[in-house]
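J.: According to TrEMBL, the protein carries these features:
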- 26-46: transmembrane segment (TRANSMEM)
- 83-233: domain 'Flavodoxin-like' (DOMAIN)
- 89-94, 144-147, 182-191, Asp217: FMN binding site (BINDING)
- 289-536: domain 'FAD-binding FR-type' (DOMAIN)
- Arg309, Thr550, Ser611, Arg612, Lys617, Glu618, Tyr619, Val620, Gln621, Asp653: NADP(+) binding site (BINDING)
- Arg469, Tyr470, Tyr471, Ser472, Thr487, Ser488, Ala489, Gly503, Val504, Cys505, Ser506, Trp691: FAD binding site (BINDING)
Amino acid sequence: METKLEFVRSIESALGVSFGEDGDKVILVALTTSLALIFGLIAFLWKRSGDRTKEIKPVVVPKAMQPLEEEDELDADPSKVKVTVFFGTQTGTAEGFAKALAEEIKARYEKAVVKVVDLDDYATDDEQYKEKLKKETLAFFMVATYGDGEPTDNAARFYKWFSEEKEGDPWLQQLSYGVFGLGNRQYEHFNKIGKVIDDQLCEQGAKRLIPFGLGDDDQCIEDDFSAWRDQLWPELDNILRDEESTPAVATPYTAAILEYRVVIHDSSAGLHENKQLNMMNGNASYDIQHPCVVNVAVQRELHTPESDRSCIHLEFDLAGTGIKYETGDHVGVYAENCEENVEEAARLLGQPLDLTFSIHADNEDGTPLGGSLPPPFPGPCTLRTALSRYADLLNPPKKTALVALAAHSSEPSEAERLRFLSSQQGKDDYSQWVVGSQRSLLEVLAEFPSAKPPLGVFFAAIAPRLLPRYYSISSSPRFVPNRVHVTSALVYGPTPTGRIHKGVCSTWMKNAVPLESSHESSQAPVFIRTSNFKLPADPSVPIVMIGPGTGLAPFRGFLQERYVLKEEGAQLGPALLFFGCRNRRMDFIYEDELTKYEDEGVISELIVAFSREGPQKEYVQHKMMEKAAQIWEMLSQEGYLYVCGDAKGMARDVHRSLHTIVQEQEKVSSSEAEAVVKKLQMNGRYLRDVW
Ligand SMILES: Cc1cc2nc3c(=O)[nH]c(=O)nc-3n(C[C@H](O)[C@H](O)[C@H](O)COP(=O)(O)OP(=O)(O)OC[C@H]3O[C@@H](n4cnc5c(N)ncnc54)[C@H](O)[C@@H]3O)c2cc1C
Ligand SMILES: Cc1cc2nc3c(=O)[nH]c(=O)nc-3n(C[C@H](O)[C@H](O)[C@H](O)COP(=O)(O)O)c2cc1C
């Protein structure tokens, strides 16, 4: 490997061993430690020989050889102040903000010892959360809201504990804090998690340094974050700035452009991409970081040829993988970018697709390149693989990406325009030209042909990592133990610039080749994400399910499970299923199965709203009103109500209908009805799986 120092190679060959990729590091650490020991020993012997009567001191290996841990640094210098930046993220934005904030605090204040902490990694149990939080004196929380006003997966444990009512006196009086929430105004529970954490911290006596930051992803959340951060400096100056140092305004801060170290390999180098597939399948448990590569067993279109849209039924084969799931869980799928976009990206970068390379977050001597670089993807791999699997090419680029592009534009006018778009003055242009017109990263690259970032910059600072997509599993393991079924609507449509946006994962599913038709079937890394969207433990409890379009997915799993239970002799309670589509001749997905389940008594009634059949549009919320008395009766018998599908439109309308049903059926006021609905939610009898 090119990066290995010559002497590392010679040591390896002399010993007949390989230290692997990190050989340089291993040798360097061993060498420096040994040298320090030898010098220490010489000094010690020399001292001893000179003065034998004096107390013998132990040999101390100089500490500078090892990186200082934050705690050590704080112990060593009591004038230092610990700052902790926590993050709760699903798709990485909050983590990016936490790292950017930490870097800027470090750069501005010598006194600060800053640590970025994943909320999940902070503590192993509630007691430890409390003990550790009590010791924090200055902390910031960057937290996103997800699901249906829920915490992100990595904040769930912390949030559950922290938001519970606490008895006793306020216990966070030693803490000064700030919270920046990441959310989207289109969702009903806008920024709920950040708000709750902010309120709770205040309630427990912590001092709010700056008002809660309301990040809105529907607009430019980077601007919201910058504005919030700018309010912070005067407050932090009071705490972290030494009196003799110059005021903050005199030291404008520019974030460094992140860059991986890139090593080019000759094309005969063993590619990691294929090794990785095999290793993953040997893993004991799978999660987002350790997905399992599985085959596509079945793939078929669910719409009829009359439809101008597409919805795919896909089955992943779990046989032999050990993957387990429960009805109602989600599956995370890592798809690949389509060939045409990968080729376009390589062309715009001016690099050949068969270039074999690896990226590294450390220098050749093993020292880290920078705290906020995400872990590199596995390599060596070809540029084709890297662009297919790891680069988000279709989302609009972030402002920080434009800054990085500007730095690598050879044409001054292009660099200037890019810098303007990323600046405060260019805010409106950015919001219209980039976000409003849904300009993809590829489109932006094409508009600035002189921008040719090196691969290390491209993968670190310009193209975010391609993220997995989640799907509500549309099967039950009790019915199909070795399969995960997915029901995926194809994302395909024009954007304001005239580009046809082809959704990454849904397009991959649309083009997937199943084992049924070829031995060379499509494969994807997948993992299961547990959910609380579950049937009642007692199958005789009444249930109402509302799932138009692909919102039907988890209910198909529910029906399969009820079918098995019925076969096993269980007494099933009443079940209503509300489904909605445009037209029965085009997109009435799984029609045969649903009507069969109705005939067999797996559900009591299937109620379908066809939005484009009659003169008036009819949706599931209208059908609910027609069945108001029955729904209320079922809920009054301790029944459950489930909603799945579009969060921004449908779920809100269904919520309003439910509120009206309670109000009318119970003959109560609007606020009393809201209290009833809230109680249903609190008791876990009104569950929503919305996205
Ligand atoms: C918990 C959960 C469960 C889910 N379950 C399901 C499910 O069962 N079935 C299902 O089909 N989906 C489901 N989804 C949605 C799914 O995860 C994906 O978001 C969806 O398949 C689109 O992904 P994609 O990669 O194909 O599209 P992407 O490449 O992610 O593109 C979609 C994005 O592109 C943008 N865009 C630009 N132009 C357009 C355009 N013309 N039309 C639309 N979008 C455009 C939008 O911002 C949109 O967010 C679920 C999501 C979550 C979070
Ligand atoms: C499936 C889904 C559900 C979401 N639910 C909410 C929500 O209930 N409330 C909200 O304010 N924002 C919601 N959001 C918006 C995210 O909080 C927002 O995009 C945020 O920037 C994500 O940050 P992250 O990248 O750190 O995870 C949702 C986003 C998605 C994709």
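Cβ coordinates come from backbone N, Cα and C, glycine included.
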J.: Is any of the binding-site residues Thr89, Gly147, Asn184, Phe190, Arg309, Lys617 within 10 Å of Ala489 (FAD binding site) (Cα-Cα), and if so, which, in sequence order?
T.: Arg309
J.: Nearest of the binding-site residues to Ala144 (FMN binding site) by CA-CA distance, picking from Thr487, Val504, Lys617, Tyr619?
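T.: Its closest listed neighbour, by Cα, is Val504.
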J.: Check the binding-site residues Val504, Ser506, Gln621 for any whose Cβ is under 6 angstroms from an atom of ligand 1, and report them in sequence order.
T.: Val504, Ser506
J.: Determine the binding-site residues, out of Gly92, Ala489, Val504, Ser611, lying near ligand 2 in the sense that the CB is under 6 Å from one of its atoms, and give them in sequence order.
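T.: Cβ under 6 Å from ligand 2: Gly92.
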J.: Per residue, counting other C-beta atoms within 10 angstroms of the C-beta, which of the binding-site residues Thr89, Asn184, Thr487 reaches the highest number?
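T.: Compared across Thr89, Asn184, Thr487, the most Cβ atoms within 10 Å surround Thr487.
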J.: Val504 (FAD binding site) to Arg309 (NADP(+) binding site): how many Å between their Cα atoms?
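T.: Rounded to the nearest whole number, the Cα-Cα distance is 16 Å.
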J.: Of the residues named as FAD binders, Arg469, Tyr470, Tyr471, Ser472, Thr487, Ser488, Ala489, Gly503, Val504, Cys505, Ser506, Trp691, how far apart in Å are the Cα atoms of the most distant pair?
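T.: Between the most distant Cα atoms of the FAD site, 17 Å.
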J.: Please tell me which one of the binding-site residues listed here (Tyr187, Phe190, Tyr471, Ser506) sits closest to Gln621 (NADP(+) binding site), measuring Cα to Cα?
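T.: Nearest listed residue in space: Tyr187.
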J.: For Phe190 (FMN binding site), which residues of its chain lie six or more apart in sequence with Cβ-Cβ distance below 8 Å?
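T.: Set apart from Phe190 (FMN binding site) by at least 6 residues yet with Cβ under 8 Å, we have Thr145, Gly183, Asn184, Leu214, Asp216.
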